[in-house]
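Visitor: As listed in TrEMBL for this protein:
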- G17, D80: Ca(2+) 1 binding site (BINDING)
- D39, N40: Ca(2+) 2 binding site (BINDING)
- H367, H372, H546, I669: Fe cation binding site (BINDING)
- 2-119: domain 'PLAT' (DOMAIN)
- 119-669: domain 'Lipoxygenase' (DOMAIN)
- W104: site 'Essential for stabilizing binding to COTL1' (SITE)
Amino acid sequence: MAEYKLEMTTGAMQYAGTSDYIYVTLFGTEEQSERTLMDNYGVDFQRGATGSYTVKTSLSLGKLLLVKVEKDNYLCLPEDEWYFSKMVVTTPEGDVILYPCYRWIGRGELVELRGGRAMKAFEEDHPLLIDHRKNELMLKKSLFEWKIMAEGLPHINNFNDVSELPAEIRFSDSRTADISYSKAMTGIELKVKGLQGSTAQWESIEDIKKIFWCKKTTMSEYVADHWMEDDFYGYQFLNGVNPGVIKRCSELPTNFPVTEEMVKPFLEEGSSLQKEMEKGNMFLYDQKKMDGIPPAAYNGEPLHVTAGLCLFNVNPENKLMPIAIQLNQQPSEKNPIFLPSDPETDWLLAKMFIKNADCMDHESVHHLLRTHFLAEVFSVAALRSFPVIHPMYKLLFPHFRNTLDTNTRGRLILFGPDGALSKSSLGFVGLMELMRRDLSEMTYSSLCLPENIAARGLESIPDFYYRDDGLKLWNIIKSFVKAVVEHYYPSDSEVHKDTELQDWISEVFTHGFLGNKAAGFPAAFHTVEEVVKFITMVIFTTTVQHAAINSGQYDYNSWAPNGTLLLRKPPPTTKGQSSMKTVLETLPNVGDTVQFAALTWLLSDRYTDYIPLGTYPEERFDEPEPKQMIKEFQAELSYLSEAITSRNSHLELPYTYLDPAEIENSVSI
């Protein structure tokens with residue numbers, strides 16, 4: 001008689017346990033066990049519990065291949081799904097094998113689990129495992145299909161509603177409850193105050209501070225007090241929610257005729273525009289990709305979109321200062337260059353219109369397209385291409401947690417008729433065109449932070465904490481990825497032979513980057529180095545980059561005068577004609593303002609099932625080597641977190657968004 005010891009763990013989330021019968025069958029190279037009921041004295045399979053069971057066989061089954069787990073009804077009790085986390089089997093020979101599951105199982109369902117070390121397709125040597133692998137991928141390809149959201153944009157998952165998603169990739173009950181509660185409480189507060197849906201105009205800037213009673217952060221209050229200051233305006237283009245847009249300016253564009261005389265008063269005494277460019281102190285914001293996109297209509301009249309240019313100078317105090325703004329691409333008498341010496345509200349309005357364009361670019365391009373939509377492509381391609389036993393599935397899947405759910409919900413919330421993006425100055429159609437233009441120009445190097453920083457000439461600009469923290473995180477992630485990838489792919493030939501890995505990058509290239517070879521994206525992998533770089537980019541994008549452009553949205557953009565998706569009045573075309581009354585008339589009305597503010601709170605909030613970068617609560621790797629690599633990865637992240645905390649303690653404005661402890665492990669909201 002041979003005995004197999006089984007430890008079966010039920011998930012700790014709400015309603016994870018079950019009263020149903022659970023049966024297990026073991027399959028080995030020599031034999032298979034009988035279908036055995038897992039039943040101990042007392043209550044089995046309670047939430048968060050691990051139960052020990054025994055499967056007895058007349059002889060050893062040989063090398064274990066598969067474990068089949070079935071769930072059948074108990075008496076006439078109603079259905080209760082069971083969240084089965086993992087099983088650990090100890091064989092009569094003393095082998096201890098991990099069988100990860102981490103999914104919900106319904107009544108009458110069965111799952112077949114692979115255990116042991118991660119395996120690539122060409123390493124399989126048993127017909128049962130080869131067939132199991134093939135059948136798993138066939139099923140996943142039929143379940144996860146591609147759908148075109150719009151021509152010229154990345155393809156999306158085929159599910160129309162989150163209720164259609166498999167349970168294990170939907171939001172947890174706690175996340176759903178947290179979001180519902182946050183939305184409900186926000187809505188109640190805004191209704192009680194009479195703000196929700198109001199078409200009234202703000203009577204004073206101070207009134208905007210009264211939107212919420214308790215939803216305040218140290219940074220959001222700082223923004224409300226300092227939004228008019230030029231040095232804080234410049235700071236935001238380095239360390240605000242959209243730090244990826246300015247470039248070093250060594251020569252002015254021909255359509256931006258800034259003269260020495262215009263900006264001389266704002267430069268270091270004795271310097272000049274030419275000298276400042278030669279010293280590398282001039283930087284440019286240029287929203288030319290927005291030029292020519294028709295705006296949305298507001299109350300039957302077209303809005304105004306400024307595809308503007310803003311020139312910045314790093315002054316002797318190392319502050320990035322805006323010194324010239326042109327609100328449209330083509331210079332003319334009705335498109336003057338605004339300067340800090342102009343009347344206060346003229347300069348203020350010019351900065352507001354640049355920030356309006358930047359907000360739309362941030363939300364649609366840098367936030368949605370470059371993190372959410374790309375993360376969805378990486379995720380769907382992985383679900384279709386990798387079986388769960390594949391090493392790259394085990395490495396990548398934790399970084400895709402909740403992504404399909406949040407994107408499926410988000411498309412309805414943001415792009416619906418009453419969605420925030422539909423109410424922007426560009427509207428739904430305009431923002432789709434903006435994303436389409438960006439994807440057509442997107443390059444692989446722009447998604448790789450070291451190359452991005454170098455291409456924009458920002459290697460030495462001072463007080464650029466997004467760059468400093470981001471580059472350190474890029475290197476930490478790359479070191480971790482390199483260790484894992486090289487462990488499973490000791491040579492380039494292993495990369496060539498892995499058809500599933502090649503299928504994944506092919507699907508990403510086709511459905512994410514739409515086959516654009518000129519942009520430098522790989523359509524296939526030829527070397528280990530290529531795999532390391534691409535997976536580093538994927539993990540960085542779905543964790544670090546998303547945190548950088550998502551986490552500060554309430555801090556910076558809940559205060560509408562500092563940044564808003566909608567401005568109602570046209571931009572100034574002559575100087576000396578504006579006042580604070582003009583500013584208030586230009587801002588969104590009360591109802592639209594509070595809708596935008598509520599959305600930024602929802603997107604920036606931290607929920608109870610938050611998982612920080614480098615934390616892997618689901619045990620998927622069975623081998624000691626990757627487990628040790630994860631520990632070393634976590635240690636490096638912890639050291640960096642301590643260093644960032646120490647630095648921030650000396651800053652007037654702490655930059656916290658890329659503290660590893662503040663970065664979620666996936667695009668999860």
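The count begins at 1 with the first shown residue.
Note that Cβ sites are derived from N, Cα and C of the backbone, with glycine treated the same way.
All TrEMBL annotations are machine predictions without curation.
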Visitor: For the domain 'PLAT' (2-119), what's the mean pLDDT in this predicted model?
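Guide: Averaged over the domain 'PLAT' (2-119), per-residue pLDDT gives 93.
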Visitor: Looking only at C-alpha atoms, tell me how far H367 (Fe cation binding site) is from W104 (site 'Essential for stabilizing binding to COTL1'), rounded to the nearest Å.
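Guide: Spelling it out, the Cα of H367 (Fe cation binding site) and the Cα of W104 (site 'Essential for stabilizing binding to COTL1') are 31 Å apart.
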Visitor: List the same-chain residues at least 6 positions away in sequence whose Cβ sits under 8 Å from the Cβ of W104 (site 'Essential for stabilizing binding to COTL1'), in sequence order, or say none.
Guide: E81, W82, Y83, F84, A167, E168
Visitor: Neighbour count, 10 Å Cβ-Cβ cut-off, for H546 (Fe cation binding site): what number do you get?
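Guide: The answer is 25.
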Visitor: If you skip the near sequence neighbours and keep only those at least six away, which residues in the chain come within under 8 angstroms of D80 (Ca(2+) 1 binding site), Cβ to Cβ?
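Guide: Y15, G17, T18, S19, D20, R107 - these are the non-local Cβ neighbours of D80 (Ca(2+) 1 binding site), listed in sequence order.
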Visitor: Hey, what's the Cβ neighbour count for H367 (Fe cation binding site) at 10 Å?
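Guide: A count of 23.
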Visitor: In whole Å, how far is N40 (Ca(2+) 2 binding site) from H372 (Fe cation binding site) when you measure between their Cα atoms?
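Guide: H372 (Fe cation binding site) and N40 (Ca(2+) 2 binding site) have their Cα atoms 45 Å apart.
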Visitor: Residues other than H367, H372, H546, I669 within 8 Å, Cβ to Cβ centroid, of the Fe cation site?
Guide: L368, T371, A375, T406, I549, N550, L603, V667
Visitor: Looking only at G17, I669, the binding-site residues on record, which one has the least crowded Cβ, with the fewest other Cβ atoms within 10 Å?
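Guide: Looking at the binding-site residues G17, I669, the Cβ with the fewest others within 10 Å is that of G17.
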Visitor: Using all protein chains in view, find how many other C-beta atoms are within 10 Å of the C-beta of N40 (Ca(2+) 2 binding site).
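Guide: If we count other Cβ atoms within 10 Å of N40 (Ca(2+) 2 binding site), we arrive at 11.
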Visitor: What are the non-local neighbours of D39 (Ca(2+) 2 binding site), defined as same-chain residues 6+ apart in sequence with CB under 8 A from its CB?
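Guide: Non-local contacts for D39 (Ca(2+) 2 binding site): Y21, Y53.
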